[in-house]
């Protein structure tokens, strides 16, 4: 046990933190560049939201204007490559407004990104985080490979409540990855298998063709089966119980014809019975060959330059709070950071929100009861007034 603890301590001590932002005070505005790409971007403000533990620790930057694009980014202290290393991108998101449509993701870019002109088309290495619009609730993990943005093929569902949630992306040097939500694994796999970064290893043989005599019919008509002689019956017949109305005039109404009814003896279209096809060979499978266009890449995970992170978002309803950003080469360091920030907030925040929700529910219930009582009292008053008027009229 002591050895394991020592290893954990050594891992954290030797870890490199490339970027950390906790938005503890107003100085964040000096570090985060407001894009000038357009002049009507939405504004971020410093806020811990409605429910928090320690305000200075739990505050982050919050979107503050509805139906706005947001574009703000920050540089790292130095440019670095993650070749041969693990890379961890981690931050918290709280959709306090009960978001209906809007992004909550980050874009992590090269060091040469122009933050003053940061916008939706600015190249990035990785885009990661939750995105919600209507019923769609997904975690984006988009990797840029050779100039093209590639979406993960697996579905990862994000959280959509009004509490703070921790999102973690881990890129490993063996071309594997893991996405965590609130410290729990949400998806793992291979970069090559879960993204279309490389051409397929195998393709259908263009020279292969299904043989002309290949029979894929598992069952065929029984050639010896014959239709019974009494099979053919009309689908509809005249109703034998129908009688011509007594007032029917053939000259005026035309010749009377009984209505048609379904024929109980009708058997439908005859089809011969099916038997096993003795020539059946199964479903023909197109043979595959090695794809000459495929070349393995052991460095799908690796980018030569990392140097900036930004929020490039659209939100219909504002109120999302971002906080506790860390980019490091150590999973242990990211976990330690979460323990000092997210873990200390989540329980208190949930308890306070549940208490507030219960108080709101009780207040609404009391208001409803009061409205019903007032309605009933008014009804009684109206009835008394009506009775008095009727008594006055009798006098």
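Placed from the backbone N, Cα and C atoms, the Cβ positions cover glycine too.
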Annotated stretch (motif 'Prevents secretion from ER', per Swiss-Prot) among the listed ranges 336-339, 392-395: 392-395
Among 131, 312, which are binding-site residues, the residue with the most C-beta atoms within 10 angstroms of its C-beta: 312
Residues of the parent chain within Cβ reach of the repeat '1-2' (205-216), under 8 Å, 6 or more residues beyond its termini: 277, 279-284, 286-289
Counts by DSSP class (helix H/G/I, strand E/B, coil) across the repeat '1-3' (222-233): 0 helix, 0 strand, 12 coil
Local Cβ density at residue 124 (alpha-D-glucoside binding site) - other Cβ atoms counted within 10 Å: 22
Long-range neighbours of the repeat '2-2' (268-278), counting only residues six or more past its ends (CB under 8 A): 215, 217-223, 225, 227-228, 231
